[in-house]
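Visitor: Would you mind keeping the following structure in view while I ask a few things?
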Amino acid sequence: MSQDSQHGKWSISSSDDDDEDPLPSSGSSSKPEPNNGAASLLAIGSEARQAAHASQLNPVKYESSPSMAGKRKKEALEDLGWALSDSDDDGAGGEKGKSLRDLPKRSPPSPKAKKVKEERPPSPHGRVYYIDEPQDFFEASVPHLNDTYRFYLNKVTGLDKKFNTGALHIRDILSPLFGTLKESVQFNYCFDIAWMVQQYPPEFRDRPVLIVHGDKREAKARLVQQAQPFPHVQLCQAKLDIAFGTHHTKMMLLWYEEGFRVIINTSNLIRADWYQKTQGMWMSPLFPRLPKGSPASSGESPTFFKKDLLEYLASYRAPELTDWIQRIREHDLSETRVYLIGSTPGRYVGSDMERWGHLRLRKLLYEHTQPFPDEESWPVIGQFSSIGSMGLDKTKWLAGEFQRTLTTLGKSSLRSDPTIHLVYPSVEDVRTSLEGYPAGGSLPYSIQTAQKQLWLHSYFHRWKADTTGRSHAMPHIKTYMRTSPDFTQLAWFLITSANLSKAAWGALEKNNTQVMVRSYELGVLYLPSAFNMKTFPVQRNPFPVSSSSSGFPVPFDLPPTHYSTKDQPWIWNIPYSQAPDTHGNIWVPS
């Protein structure tokens, strides 16, 4: 059947239901990659990431004849079951779409556009803009940071310098400015090990590094091959026993001569994630070592961060982490003022249901927040870079169990039904971004998932981040929050690796007596009560960073801007050829 929406005509198969689809991943694909030396190491990740890499190596130039481009786009979309009118830019109606099962099996048409050889075309900022940093890009001394919240954005090349003042690059994080490194652990999804090693300063470059990953089979073999030139790099494979689960957690454990530090962030360990995307992180204080002989309960924070971190690490059941668990026990984490929210794969019953995922978030909001008199007018905002399958209508998960979690405020008996704003880039946001269409490789929302949940797109809002200078730096950050009706106060704020999916957050089963979580995820929750505040004031101008500011630096503009009737959500695996991106290219995924 076909269905109209305000964003054009979409087609869905009559047999679609709400069974769990695998979330389009941003990590290692099971497909073998071409053996083309160093270039193959950069083609790391999902099909979407690999399409972005291929597009950058061999960009397809925009054709001056829009009629041909439109014709090719329409043919390719029909092959994919994505029905658009001839004037799809204005969201008007058009010919009736076919479902995927009705389409003849044809190979996609070959693009006739001229290809540019092995070189990225000039951008408005110069040919090497994507990979080269200004001389003052990295910190030469301890930067001015907001120590109140310890929430930071990454640096982005090409911005006015003030928007990078107080932001951090991976080289800053690993530099001697923050400690004399002895060993580290890198938990992540996507790795370019050679690039990662180069981010450590020369004096720390041979210090032991443990990589915690979720790769299996061919992807694991490629990772092992990447690590071979670096004897100080060891691998630890996370157990993924439930189908379609991923190791999506992004965390650094840094052990120094002076103490210990935890970084929980949203960036993969690949070059593309650290230069022209919007990413975020929580960086802990430097935790000092406890006196020898301290009781086991020593060094705990009011938020029980130490206990929760140890419990999360224990869930891996990995001998490689045993020494790190002991090291954490020997340090004082009492200064921590955030709560840890993790996901680990499994099916949980009884009190264990509240240990992980969105039920963990619900428990913390129930216990540590207070209801407001007009709480139904306090909207919820979710912002993410990928979307999983949530069913044929909103009650299946989003407006059911997940909304109940996001709208929990203390022990209120009121089951409020506030507005939910979902922030996800539109096609136009991606087209006009610093990276152009290849930025969409990190936004792997697929046509197969999108066409089954047309109802979702009425929630969508544009990515606009003028206050942080990052409107054209596409978000890989994931944030969730609840704001006052005038968007000047926050009831809570969460930064996490978890996208909008049941795999990441968990889904109730067996008449709500069991929760099933597929993936590893990790984030930190900011609650005003832990900061002796009633709410967090929103900081309207977060840059340049001031160490004395009491406002919370929300990474994008508030209030969010709703999609217009012309806007469409970015879908990675359909072509966009009617208008060029910022590098003069179109998007034709193979």
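A Cβ is built for glycine as well, from the same backbone N, Cα and C atoms used for every other residue.
Please treat TrEMBL annotations as automatic predictions, because they have not gone through curation.
Pulled from TrEMBL, these are the listed features:
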- HIS248: active site, nucleophile (ACT_SITE)
- HIS476: active site, proton donor/acceptor (ACT_SITE)
- LYS250, LYS478: substrate binding site (BINDING)
- 23-34: compositional bias 'Low complexity' (COMPBIAS)
- 1-127: region 'Disordered' (REGION)
- SER501: site 'Interaction with DNA' (SITE)
Visitor: Per residue, counting other C-beta atoms within 10 angstroms of the C-beta, which of the recorded positions HIS248, LYS250, HIS476, LYS478 reaches the highest number?
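Guide: Checking each of HIS248, LYS250, HIS476, LYS478, the winner is HIS248.
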Visitor: Rounded to a whole angstrom, what is the C-alpha distance between LYS478 (substrate binding site) and SER501 (site 'Interaction with DNA')?
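Guide: Per the Cα atoms, LYS478 (substrate binding site) and SER501 (site 'Interaction with DNA') stand 12 Å apart.
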Visitor: Report, as a single number, how many Cβ atoms besides its own are within 10 Å of the Cβ of SER501 (site 'Interaction with DNA').
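Guide: Step by step: centre on the Cβ of SER501 (site 'Interaction with DNA'), count other Cβ atoms within 10 Å, giving 28.
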Visitor: Reported as an integer number of Å, what is the Cα distance between LYS250 (substrate binding site) and SER501 (site 'Interaction with DNA')?
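Guide: Here the two Cα atoms lie 17 Å apart.
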Visitor: For SER501 (site 'Interaction with DNA') and the residue listed as 'active site, nucleophile', determine the Cα separation and express it in whole Å.
Guide: 12
Visitor: Do you know offhand how many angstrom separate HIS476 (active site, proton donor/acceptor) and HIS248 (active site, nucleophile) by C-alpha?
Guide: 13
